[in-house]
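Remarks on the structure that follows.
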Amino acid sequence: MSATPSPASPSPVEAAPPEPDTLAVDGGLKPAGPTPSQSRFQVDLVTEAAGSDKAAASDCSSSATGDAADKAAEEAKGRFRVVNFADPRSAASSPDAAPADGIQNGDTVMSEGSLHSSTGGQQHYHYDTHTNTYYLRTFGHNTIDAVPNIDFYRQTAYVNRTTNLFLQEPFEDGFANGDELTPAEEAAAKEAAEPKGVVKFGWVKGVLVRCMLNIWGVMLFIRMTWIVGQAGVVYSCIIVAMATVVTTITGCSTSAIATNGFVRGGGAYYLISRSLGPEFGGSIGLIFAFANAVAVAMYVVGFAETVVELLHGADLVMLDSVNDVRIVGTITVLILLGISVAGMEWEAKAQIFLLVILISAIFNYFIGTFIPFESKEKYGFFGYDAGIMMENLGPDFRGETFFSVFSIFFPAATGILAGANISGDLADPQKAIPKGTLLAILITGLVYMGVASKLSCIVRDASGIEQNGTLSADLNNCTGAACSFGYDFSSCKPGGSGQCAYGLHNNFQIMSVVSGFSPLITAGIFSATLSSALASLVSAPKVFQALCKDNIYPGIASFGRGYGKNNEPLRGYLLTFGIGLAFILIAELNTIAPIISNFFLASYALINFSVFHASLANSPGWRPSFKYYNMWVSLAGAVLCCVVMFVINWWAALLTNVIVLSLYIYVSYKKPDVNWGSSTQALTYHQALTHSLQLCGVADHVKTFRPQCLVMTGAPNSRPALLNLVHAFTKNVGLMVCGHVSRRPNFKELNSDMVRYQRWLLNNNSKAFYTPVVAEDLRQGTQYLLQASGLGRLKPNTLVLGFKNDWMNSDMKETETYINLIHDAFDFQYGAVILRLREGLDISHIQGQGAKQSLSHVIMLKLLEASQQFQKKQGKGTVDVWWLFDDGGLTLLIPYLIANKKKWKDCKIRVFIGGKINRIDHDRRAMATLLSKFRIDFSDITVLGDINTKPKSESLAAFAKMIEPYKLREDDMEQEAAEKLKADEPWRITDNELELYKSNRQIRLNELLKEHSSTANLIVMSMPLARKGAVSSALYMSWLDTLSKDLPPILLVRGNHQSVLTFYS
């Protein structure tokens, strides 16, 4: 018996307790299973004696019969929870069973927002390694560190194998050894996990037969004779070869994709969507399923028309020709629906039966060409004759061209995906699809060429009347190879007086005349039409079911529900039946037929392009076991498919492209919550890496300068106003990195925070990156970010901070750290920007992220309203630029970029500069000239001639009161005590500082700001500098506070004194 888990061991299906939600991030579905902390091995000690007893018991149990075996199976079920592809909570579900509501296909990884809870904890499809230890017997005992196992790789989502973080920690519960399963228990568990009664097909039944039946359509018996009559034997073989080249390239591309991993149901949709992503896959999947549904109607109508012709030949008429087709077609599609609904096994048996008839009909035709009868000569068949064969080698186009004939033949080649469309019902799709598809293309291509060459024994025109076709005594006027056999069909040719109904040009049923037994050809036509209709009737629901499971389009999920052991999409069958019946009742498909062919060709083009795209992306995950493909050949195949689309019907090709593009735009706009690791993602990474490296080889230039900001937001949603304003001038222009310094050395939480906060930024349409670091304090963390954030040229050049509103109420060490951040930015050649709002920036305490604070409801509302002010469209107003010091132009560039945004377009730029009273006009003209050369629009320029005027007494008194608690007061103590205090508290303000560095300018500027810019939407002002080591942190902070208090939103900007503007081209 297996060891009983210790009481401390949690249940494997116990769900993790909910954590408080602090972010508006999609939590996604949380499958049952242990939390990461619960997945640790908690195994009781097992002595050697116990192990021996268990081994003996297992020997007994292996020899038991009946009830003992069942008991072992049940016991094994209890010890094992097998991971399935669709739903890990179900141990016995089939790999292709319909997943539970809300879960994607097994290969589907939900996007990062769904994989992680709103609190950042990862959510996995758990694999409980305590109760699934049979694969650990490699070492003779169970180990903590899991050995390689296939179940870890079945899901492309995260699998809960033991992590490195856990492996490096000490084991708390004793040894890592536990019980092992006996071979009998292993076998019982494996048998219990395998689905019972599911029908799976091999490559012959599942792929080869279906593809051959679809490719050998009605074209083989009804249109091939006309094609040879028009194009001749040589051109007909070229047409077949061209079509075969296109289908062979597509077949190789299909094989490459199918062998690059496990293939599920969905056919062309699955292959394209998992390669190119949901945008292309979703658009093709819908039209491909629709094309297969309408193809049912096409084949059934072809069958019904043949039946009605036979009935009318026997004078059996029900109503009229059109209604008879509708009646026969409706009865036929009902029978086919019954066969399909009965199950794939019955459908496969029907396909085998139809294939036997079809092959018999083909052999019947080939045998008939060697059995000449004099009664057939009047219809144009004379057996193999060199003269007739030479006459039929060249073309005889009558109202047609080579490409028009090619366009009529090519739809016969659009059945190569019949096997791939039921990929979910194949036992081994990776082997079956390449082998069956390519062999079907080879066999059908050879048969088409054989039929074309054998048709050379029939003349192009024949009258069918023996006595009128007999030559008279005069042979001089007879032309054509039939003259040597005593027949003159000259009058049948264009320009002749006769109207002939036989021959390659005139009789679509001439193969029945040539065959050894003509009814078998009719049966072959029935077989070709019915088999193609049956294949399409099965393919359309399977493709549609896969599309529904992925939830690409709303409102169609109900059609994807599966029933029975084979997960049959019965509702999909009914939908396909309804579409097919609607077109059968129309009974006129000449207009829609080219569109269907174009739908198939669009799928082929994208399959070929998928292989080229995946190869171009050079992703390590692109490792198809089918090696006989080439990326450039696949690209040529995609181009050929597009060319053929327009050759067949140009307006249908345009319509197809419009439909695909419309669906692509819709899916792109919807952004389905899936992650399939498509080649689009791989190529995006490849291009980003390539371009980043290329940027490193180019030196910076003033004309290409962009503000690339490191914004110290903390958690991005804690300071939305700071984030939104910086986003206003970096969106689509420069880089924005949201820096977050954490003092908690919990790297597990750090990784989860990276995912959930980045997801939050994406969900809020903020084009920014989130970069957290762990450090001892804010300054150290910011230094890390200043040095290491970014990549190559994509590196921040401007540090953005929020103003520290609470500096007077907090520990002055924090203020010292804050001021040092500004100095560090300048040391690293960064610019510095500080944003201040009256109400403040941090709303984390309202959201519950930080410490709880007692704020009145009114203050909370004001703070929340202020935090959202930059998300709204700014009304008519001004952006006031106080460009007092030349920092390289950053103080002017930022407001220009802001004013160009849609939300700020109604705001005018006003420029304020310092100057002398006696030179105001001169300074204004000089600045206007400079701005015009910079090509920056402005509404007004104000020259401030009274900057150096003494501030008001109340302003001076307020400043003195502000700095009073932070003075050193060295005159009131001994020099040694003063020096010690200054060393311990370097932020204290000395009397020497106050005398040497005048603060009156900052006080006066605040008065001028209130006078001129109190109604501005935004103020952008040159930030005053403080000499590092000379001006204390308290004094510098007082300057910044005094300068910016009681004002509208204000940005204090200081560039790194390198030019960011130029008026040269």
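Glycine too: its Cβ is placed from the backbone N, Cα and C atoms.
Remember, TrEMBL labels are computer predictions, not curated facts.
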Exercise for the section: Identify the transmembrane segment range according to TrEMBL, selecting from 570-589, 710-729. Expected result: 570-589
Problem - Mean of the pLDDT scores, which run from 0 to 100, over the domain 'SLC12A transporter C-terminal' (861-1065) - result: 89
Problem - Candidate ranges 233-263, 284-304, 352-373, 401-420 - greatest C-beta contact count to the transmembrane segment (432-451) (under 8 angstroms) - result: 233-263
Exercise for the section: Considering only the recorded stretches 207-227, 233-263, 401-420, 520-540, 628-646, state which has the highest number of Cβ pairs under 8 Å to the transmembrane segment (284-304). Expected result: 520-540
Completion exercise
Highest Cβ pair tally under 8 Å against the transmembrane segment (401-420), stretches 207-227, 233-263, 520-540, lands on 207-227
Exercise for the section: Would you mind listing the long-range same-chain contacts of the transmembrane segment (595-616), meaning Cβ under 8 Å and 6+ residues beyond its ends? Expected result: 246-247, 249-250, 253-254, 256-257, 260, 268, 271-272, 275-276, 280, 284, 287-288, 290-291, 294-295, 298, 410-411, 414, 416-417, 622, 629, 631-632, 634-635, 637-638, 641-642, 644-645, 648-649, 652-653, 655-657, 660, 679-680, 682-683, 686
Problem - Closest-packing stretch to the transmembrane segment (207-227), where packing means Cβ pairs under 8 Å, from 233-263, 324-343, 570-589, 628-646 - result: 233-263
Practice task
Counting only CB pairs under 8 A, let me know which of 324-343, 570-589, 628-646 has the most with the transmembrane segment (233-263).
Solution key: 628-646
Problem - Number of helical, extended and coil residues in the domain 'SLC12A transporter C-terminal' (719-854), per DSSP - result: 59 helix, 26 strand, 51 coil
Completion exercise
Sequence-distant residues near the transmembrane segment (570-589) by C-beta distance (under 8 Å, 6 or more away from its ends) are 290, 292-294, 296-298, 300-301, 304, 322, 325-326, 329-330, 333, 337, 340-341, 537, 540-542, 544-545, 548, 558-561, 563
